[in-house]
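Per Swiss-Prot, the features are as follows:
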- ASN116, THR166, LYS170, ARG288, HIS320, SER372: substrate binding site (BINDING)
- LYS168: active site, proton acceptor (ACT_SITE)
- LYS194, ASP196, GLU197: Mg(2+) binding site (BINDING)
- LYS194: N6-carboxylysine (MOD_RES)
- HIS287: active site, proton acceptor (ACT_SITE)
- LYS327: site 'Transition state stabilizer' (SITE)
Amino acid sequence: MSAKTYNAGVKEYRHTYWEPHYNVQDTDILACFKIVPQPGVDREEAAAAVAAESSTGTWTTVWTDLLTDLDYYKGRSYRIEDVPGDDSSFYAFIAYPIDLFEEGSVVNVLTSLTGNVFGFKAVRSLRLEDVRFPIAYVKTCGGPPNGIQVERDILNKYGRAYLGCTIKPKLGLSAKNYGRAVYECLRGGLDFTKDDENVNSQPFMRWRQRFDFVMEAIHKAERETGERKGHYLNVTAPTPEEMFKRAEYAKELKAPIIMHDYIAGGFCANTGLANWCRDNGILLHIHRAMHAVIDRNPHHGIHFRVLAKMLRLSGGDHLHSGTVVGKLEGDREATLGWIDIMRDSFIKEDRSRGIMFDQDWGSMPGVVPVASGGIHVWHMPALVTIFGDDACLQFGGGTLGHPWGNAAGAAANRVALEACVEARNRGVPIEKEGKAILTEAAKHSPELKIAMETWKEIKFEFDTVDKLDVAHK
């Protein structure tokens with residue numbers, strides 16, 4: 001073996017980190033970045049710079065490179081592709097050896113792949129489009145505490161999507177009035193109600209009182225309906241210690257499900273809470289507050305499909321996933337792609353949906369996608385078509401805004417859902433025949449009839465900002 005020599009100075013990244021003939025290993029973590037390089041920086045150099053800064057490199061040669069096998073540990077940019085319809089950017093595919101990352105640590109993966117490299121001057125903008133986690137790494141992560149099938153068995157609910165509702169107004173209610181709103185929704189036919197993501201423990205409603213009144217409402221609704229009910233008690237807190245304190249109290253009250261804001265609260269806290277839920281048999285609902293700050297810019301940040309993969313590794317039984325048809329951002333094909341990423345055991349590369357790699361989850365349980373944001377009964381046929389049964393459809397204003405009150409709003413949604421599921425099971429194309437299906441069901445449900453009249457003119461027809469690159473052609 002020849003002796004290594006140290007040559008001080010600065011050299012182009014491509015000489016070390018650009019390897020177009022690299023043979024990708026089954027154990028490599030693969031990343032696809034969309035890069036807009038600075039003027040004068042060519043594609044190979046920009047891609048190699050990203051590989052270097054997100055793995056072993058720095059701005060100059062250092063003598064301590066000789067103390068390790070740099071060729072083994074470095075990231076490698078192995079392929080470059082054009083972005084359809086965008087001449088300013090390109091895709092760079094980078095392979096990282098699995099030993100660069102701590103086992104079971106989403107925090108460590110994000111620190112490397114989305115750390116200092118995103119402020120690197122060699123690139124004008126940078127976006128992490130997708131990541132392939134090898135099964136060898138997936139197996140080191142805990143994943144969802146319970147999973148889709150276990151949740152079905154806990155709740156004894158099968159053959160349809162769950163129905164939920166975020167209590168409104170999101171802020172300002174007293175704990176007792178909050179509990180009253182929960183009870184009305186649950187007795188009307190919903191499966192779940194939810195704390196809004198910014199409901200923590202404010203002066204108008206401290207967390208302990210909220211938990212008490214909500215659980216009283218749940219138990220009362222369960223006795224009256226004979227169904228299991230739940231409310232996503234938000235345990236997100238200023239510190240991990242306080243978060244676990246709230247989770248323990250929810251357990252004392254026999255709450256079936258709790259909630260965490262996983263991006264604002266952080267992946268370290270989220271993984272710890274997921275482990276706690278797994279040990280204690282409690283479902284974990286995950287809200288994605290702050291995601292659009294990170295994923296909405298089509299040229300810089302992290303695509304939501306990556307955030308969804310990170311959540312599945314970190315742990316959560318539900319995750320907000322957009323609606324396609326509601327008030328929030330979400331391209332239809334891209335949304336269908338990350339819904340599959342959340343639920344399925346194996347997902348094949350599919351550029352038409354923005355999926356850049358095959359992803360094998362092995363036996364890791366799936367995550368229930370949650371559709372929430374500006375939806376109402378008229379959206380039900382599309383939602384059932386898009387999301388299927390293993391989903392939770394959450395109607396906040398679409399429940400609480402009913403002219404006859406919360407219980408009537410809940411009943412309208414339940415009738416609409418069951419009518420669509422029954423029609424689908426008969427082979428009816430429900431998205432095409434949705435109006436007829438709902439109109440027929442409304443003949444036997446005055447609550448649904450009023451809901452349809454109330455929201456018949458409500459649409460959110462704004463164009464999607466973050467379009468799939470294939471749609472740019």
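Counting begins at 1 with the first residue displayed.
Glycine too: its Cβ is placed from the backbone N, Cα and C atoms.
Source: prediction; values computed, not measured.
Structural mapping of features recorded in Swiss-Prot.
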residue : record                       : Cβ within 10 Å
ASN116  : substrate binding site       : 11
THR166  : substrate binding site       : 23
LYS168  : active site, proton acceptor : 16
LYS170  : substrate binding site       : 13
LYS194  : Mg(2+) binding site          : 29
ASP196  : Mg(2+) binding site          : 18
HIS287  : active site, proton acceptor : 28
ARG288  : substrate binding site       : 24
HIS320  : substrate binding site       : 24
SER372  : substrate binding site       : 25
Task: Extra residues within 8 Å (Cβ to Cβ centroid of LYS194, ASP196, GLU197), Mg(2+) - done: THR166, ILE167, LYS170, ASP195, ASN198, VAL199, TYR232, ASN234, MET259, HIS287
TODO: Express the distance between the Cα positions of LYS194 (Mg(2+) binding site) and THR166 (substrate binding site) as a whole number of Å.
DONE: 5
Task: Protein Cβ atoms within 10 Å of GLU197 (Mg(2+) binding site), excluding its own - done: 22
Open item on the list: With DSSP assignments reduced to helix, strand and coil, which class does GLU197 (Mg(2+) binding site) get?
Closed with: coil
Task: Collapsed DSSP category at ARG288 (substrate binding site) - done: coil
- [ ] Looking only at C-alpha atoms, tell me how far ASP196 (Mg(2+) binding site) is from LYS168 (active site, proton acceptor), rounded to the nearest Å.
- [x] 8
Task: Distance from LYS168 (active site, proton acceptor) back to SER372 (substrate binding site), taken between C-alpha atoms, in Å - done: 13
Task: Recorded substrate site residues ASN116, THR166, LYS170, ARG288, HIS320, SER372, farthest C-alpha pair in Å - done: 37
